[in-house]
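A.B. asks: Pasting in a structure now, in structure tokens, and then I'll have a few things to ask.
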Amino acid sequence: MKNTTETFKNSKFKKEKLVMLTAYDYSTAKIIDSCDINGILVGDSLGMVCLGYENTLSVTMEDMIHHTKAVVRGAKSTLIVADLPFMSYQTSVYDAVFNAGRLVKEAGATAIKLEGGALVCDRIKAIVDAQIPVMGHIGLTPQSVNAFGGFKIQGKNISKAKELIEDAKKIEAAGAFAITLEGIPEKLAKIITESITIPTIGIGAGKHCDGQILVYQDMLGMFSDLAPKFVKRYGNIGDDMKEAFNSYAKEVREGTFPDEAHSFKIDQSIIDEITK
């Protein structure tokens with residue numbers, strides 16, 4: 001069954017947890033699509049895990065379109081949400097709608113995600129009015145890393161906690177079909193989740209959200225130097241890759257790869273003829 005924005009909204013009333021992962025390429029998307037996963041986020045996190053940037057701020061619309069196209073080719077039943085990158089929507093409502101349209105029309109995304117609370121609700125409403133589904137994103141919003149002074153947990157005092165609750169309500173009122181809650185205390189995420197009728201997708205926001213999302217490289221243990229506290233590792237793919245790469249290099253240098261089983265044959269009479 002194909003996952004849609006309606007699937008997401010209905011899941012909250014059915015009390016069925018939603019599961020999302022990031023993906024940035026065809027191969028990963030194809031594997032995720034074959035699993036029991038509801039949605040794929042083509043996140044601007046690709047700037048860090050694919051392109052090697054220190055944060056997400058350098059990611060462009062062209063980057064997002066390129067990677068989203070690849071994911072769309074690989075995933076047929078999973079809902080695909082694509083991030084609007086930094087400065088693609090902050091400048092004006094027009095830019096927000098235009099760039100959201102590019103992610104749908106050019107890249108094939110089903111929905112878009114943008115960061116921010118009350119200040120971006122006019123963008124959310126305009127994009128939804130253009131018939132493009134929107135996922136909100138509040139809490140630790142990575143595009144605000146410089147304003148926050150780093151990747152810091154949000155909502156830990158009374159005023160900020162109340163602000164996040166109000167932001168969630170305003171995002172719902174603007175027409176979003178879901179909200180990502182990132183880097184906020186578990187009990188606050190529970191209050192937010194119970195305060196709105198659209199599903200919350202948590203990342204570092206505890207177990208009470210309506211669903212969860214992780215960066216797939218993090219949960220597979222691909223990078224030993226990138227390990228946020230909220231990430232549980234379900235594999236050690238980084239170590240497995242190193243072992244495989246080193247085994248390959250060793251066999252090439254020893255002359256044991258490729259062996260007969262991995263080589264093509266030719267009739268000896270042909271060899272004899274061409275070497276006369």
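Yeah, the Cβs are placed from backbone N, Cα and C, and that goes for glycine too.
Feature table excerpt (Swiss-Prot):
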| type | residues | note |
| --- | --- | --- |
| BINDING | Asp44, Asp83, Glu115 | Mg(2+) binding site |
| BINDING | Asp44, Ser45, Asp83, Lys113 | 3-methyl-2-oxobutanoate binding site |
| ACT_SITE | Glu182 | active site, proton acceptor |
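Map these features onto the structure and tell me what's around them.
C.D. replies: Around the Cβ of Asp44 (Mg(2+) binding site), 28 further Cβ atoms fall within 10 Å across all displayed protein chains.
Asp44 (Mg(2+) binding site) falls within neither a helix nor a strand when secondary structure is assigned with DSSP, and so counts as coil.
For Glu182 (active site, proton acceptor), the count of additional Cβ atoms within 10 Å of its Cβ stands at 23 [all protein chains shown].
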A.B. asks: Just to be sure I understand: of Ser45, Lys113, Glu182, which recorded positions have a C-alpha no more than 10 angstroms from the C-alpha of Asp83 (Mg(2+) binding site)?
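C.D. replies: Taking Ser45, Lys113, Glu182 one by one, the ones whose Cα falls within 10 Å of Asp83 (Mg(2+) binding site) are Ser45, Lys113.
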A.B. asks: What does the structure give for the C-alpha distance between Lys113 (3-methyl-2-oxobutanoate binding site) and Asp44 (Mg(2+) binding site)? Integer Å is fine.
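C.D. replies: With distance taken Cα to Cα, Asp44 (Mg(2+) binding site) is 10 Å from Lys113 (3-methyl-2-oxobutanoate binding site).
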A.B. asks: Excluding near sequence neighbours, so keeping only residues 6 or more apart in the same chain, what lies with its CB under 8 A of Glu115 (Mg(2+) binding site)?
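C.D. replies: Once residues fewer than 6 apart are set aside, Glu115 (Mg(2+) binding site) is near His137, Ile138, Thr141, Pro142, Gln143, Ser144.
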A.B. asks: Could you give the Cα-Cα distance between Glu182 (active site, proton acceptor) and Ser45 (3-methyl-2-oxobutanoate binding site), in whole Å?
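C.D. replies: Their Cα atoms are separated by 13 Å.
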A.B. asks: Near the Cβ of Lys113 (3-methyl-2-oxobutanoate binding site), how many other Cβ atoms are there if near means within 10 Å?
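C.D. replies: The Cβ of Lys113 (3-methyl-2-oxobutanoate binding site) has 25 Cβ neighbours within 10 Å.
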A.B. asks: Does DSSP give Glu115 (Mg(2+) binding site) helix, strand or coil?
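C.D. replies: For Glu115 (Mg(2+) binding site) - judged by DSSP and reduced to three states - the answer is coil.
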